[in-house]
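S.K.: Questions regarding the structure given below will be posed in turn.
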Amino acid sequence: MTSHHSWYRYSINPFVLMGLVALFLAATANLTFFEKAMAVYPVSDNLGFIISMAVAVMGAMLLIVVLLSYRYVLKPVLILLLIMGAVTSYFTDTYGTVYDTTMLQNAMQTDQAESKDLMNLAFFVRIIGLGVLPSVLVAVAKVNYPTWGKGLIQRAMTWGVSLVLLLVPIGLFSSQYASFFRVHKPVRFYINPITPIYSVGKLASIEYKKATAPTDTIYHAKDAVQTTKPSERKPRLVVFVVGETARADHVQFNGYGRETFPQLAKVDGLANFSQVTSCGTSTAYSVPCMFSYLGQDDYDVDTAKYQENVLDTLDRLGVGILWRDNNSDSKGVMDKLPATQYFDYKSATNNTICNTNPYNECRDVGMLVGLDDYVSANNGKDMLIMLHQMGNHGPAYFKRYDEQFAKFTPVCEGNELAKCEHQSLINAYDNALLATDDFIAKSIDWLKTHEANYDVAMLYVSDHGESLGENGVYLHGMPNAFAPKEQRAVPAFFWSNNTTFKPTASDTVLTHDAITPTLLKLFDVTAGKVKDRAAFIQ
């Protein structure tokens, strides 16, 4: 009788399966890592070193897989690693994404609409080809588990092999690795899915510390005093436009060849600041930092919610605080203030300007509607209004503006940015800046309608910049340690009808640290914590 043997009837040792998965991940999830490594160490002169890197990555991958994989969770763990490798490598290879804790926090706060913008055919092809199909093979594989004693020996042997693969290359090329880790340290952040796994563990530790942290607010401005009251002068009405994803080198006032802010160019008395650096490279990190007393050197995004911020101080002193948000949310900035002072403008519930485009995306200008009612309800009071933009949020820049701002053509109308002709990507991004220009100009126009009764002022600062394909990097979110300047150099503008608010010199080197003292000065508030800190006004 003829026997028939199907491939799925053959069994496989669990440690062989782990090795195959580790090899697959090392080979398919790290294309960007090897590309970055070879850019620093050309293959023509460093073939041995590059090969040693590949072996070391395989060793590290095997070590991680073996550490996480045990009999009763073997297949779920391997499948999870395969899916994670496919997803993380797609965004790394496509957008240059690096998975540090800040990026993970930003990803967790990404809403459904933003996630949809990142989904495309290439994404699903990658996930199916490098994630789902290998996972199916793992799921149907028949695993021949050894006895407990043999399994322990085989696990130890596999650990030994992984350590040999990891350490021997480092030993053979020790001088080059010493230089690599010292001078080119950022390149290692591109290793997937090891970096995401490490960052998940680190983030879990951070979240645990937050969960066990004291809930009492840590005050930084108990000594804050308002030196003049609205009863002694004209009350102040200030709009702070919290920008999104605008970069300084695409602003005409900073030498850019295009008129991306033509309406602001016509505003008398507008001050531009050309040398401003953001606190971070993501909304989740930068926005709380923009209102912090700590300054970016001492700022900790994980404990920011427990810290008094400048809005808490101004609210305590009687300044009316209002936050309207067409982005994600206030990132914790408004958490300690009454919910009645925060309004979501990302849906038609509050935003009346959502049907001007094919995407039914609510526009930033909708946040201006109805502000007169707020002013009337707080007549004679100092007021600070935050307008948090959608701005230039990527990758779907073409969705961020209406047809009247489509000045630069053709435009990239997709979210696979690397596949777009580079100039079309720039065109879409610059058109979105034209919409921001219009929004800021309209904010100033609205303030001017209240000049008779208020000293009015407008401050605009973007939360971070954006990479548009420079060196193969797109979007934002890179760790500060090696973020390109495009992700941290941001535009900032100031305008007021009050001539006593003298803007700082345009080329003054400033950071997001200048925002808190500026907001205090606009309401004649002094606080020792920031009394010597540079501001946008003198």
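Glycine is treated like the rest: Cβ placed from N, Cα and C.
From a predicted model like this one, the values you see are computed outputs, not experimental measurements.
Found this in Swiss-Prot, in case it helps:
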- E244, T283, D463, H464: Zn(2+) binding site (BINDING)
- C279-C289: disulfide bond (DISULFID)
- C354-C362: disulfide bond (DISULFID)
- C412-C420: disulfide bond (DISULFID)
- T283: phosphothreonine (MOD_RES)
- 14-34: transmembrane segment (TRANSMEM)
- 47-67: transmembrane segment (TRANSMEM)
- 72-92: transmembrane segment (TRANSMEM)
- 121-141: transmembrane segment (TRANSMEM)
- 161-181: transmembrane segment (TRANSMEM)
S.K.: Honestly, do the transmembrane segment (14-34) and the transmembrane segment (161-181) touch, with at least three Cβ pairs under 8 Å and pairs 6 or more apart in sequence?
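M.R.: Counting Cβ pairs under 8 Å (6 or more apart in sequence), the transmembrane segment (14-34) does not reach the transmembrane segment (161-181), since there are fewer than 3.
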S.K.: State the three-class DSSP label for C362 (disulfide bond), counting H, G and I as helix, E and B as strand, and everything else as coil.
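M.R.: The residue in question, C362 (disulfide bond), is coil (DSSP, three-state).
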S.K.: From the disulfide-bonded residues C279, C289, C354, C362, C420, pick the residue whose C-alpha lies nearest to the C-alpha of H464 (Zn(2+) binding site).
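M.R.: For H464 (Zn(2+) binding site), the spatially nearest of the disulfide-bonded residues is C279.
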S.K.: In the same chain, which residue numbers or ranges, 6 or more beyond the ends of the transmembrane segment (161-181), come under 8 angstroms Cβ to Cβ?
M.R.: 40-41, 46, 48-49, 52-53, 55-56, 58-60, 62-63, 66, 187-188
S.K.: For C289 (disulfide bond), what is the tally of other C-beta atoms lying within 10 angstroms of its C-beta?
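M.R.: Taking every protein chain into account, the count is 26.
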S.K.: Return only the integer: C-alpha distance in Å from C420 (disulfide bond) to E244 (Zn(2+) binding site).
M.R.: 22
S.K.: Using DSSP and collapsing to three states, where does T283 (Zn(2+) binding site) fall: helix, strand or coil?
M.R.: helix
S.K.: Including all protein chains shown, what's the count of other C-beta atoms within 10 A of the C-beta of H464 (Zn(2+) binding site)?
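M.R.: I get 29 for this one.
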S.K.: Report, as numbers and ranges, which residues of the same chain sit near the transmembrane segment (121-141): CB under 8 Å and 6 or more residues beyond its ends.
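M.R.: Answer is 8, 12, 17, 21, 24, 28-29, 75, 78-79, 82-83, 85-87, 89-90, 94, 416, 419.
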S.K.: Per residue, counting other C-beta atoms within 10 angstroms of the C-beta, which of the disulfide-bonded residues C279, C354, C412 reaches the highest number?
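M.R.: Counting every other Cβ within 10 Å of each candidate, the maximum falls on C279.
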S.K.: Given D463 (Zn(2+) binding site) and C279 (disulfide bond), what distance in Å do their CA atoms have, once rounded to a whole number?
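M.R.: Per the Cα atoms, D463 (Zn(2+) binding site) and C279 (disulfide bond) stand 8 Å apart.
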S.K.: Cβ atoms within 10 Å, counted per site: which of E244, D463 has the most, among these binding-site residues?
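M.R.: That would be D463, with the highest Cβ count within 10 Å.
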S.K.: For the transmembrane segment (47-67), what are the same-chain contacts with Cβ under 8 Å, counting residues 6+ beyond its ends?
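M.R.: For the transmembrane segment (47-67), the list is 15, 18-19, 21-23, 25-26, 30, 33-34, 37-38, 41, 77-78, 81, 155, 158-159, 161-170, 172-173, 176, 191, 194, 197.
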S.K.: For the disulfide-bonded residues C362, C420, work out the Cβ neighbour count at 10 Å and name the residue with the minimum.
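M.R.: Looking at the disulfide-bonded residues C362, C420, the Cβ with the fewest others within 10 Å is that of C420.
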S.K.: Out of the recorded positions E244, C279, C289, give me the one sitting nearest to C412 (disulfide bond) by CA distance.
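M.R.: Closest by Cα: E244.
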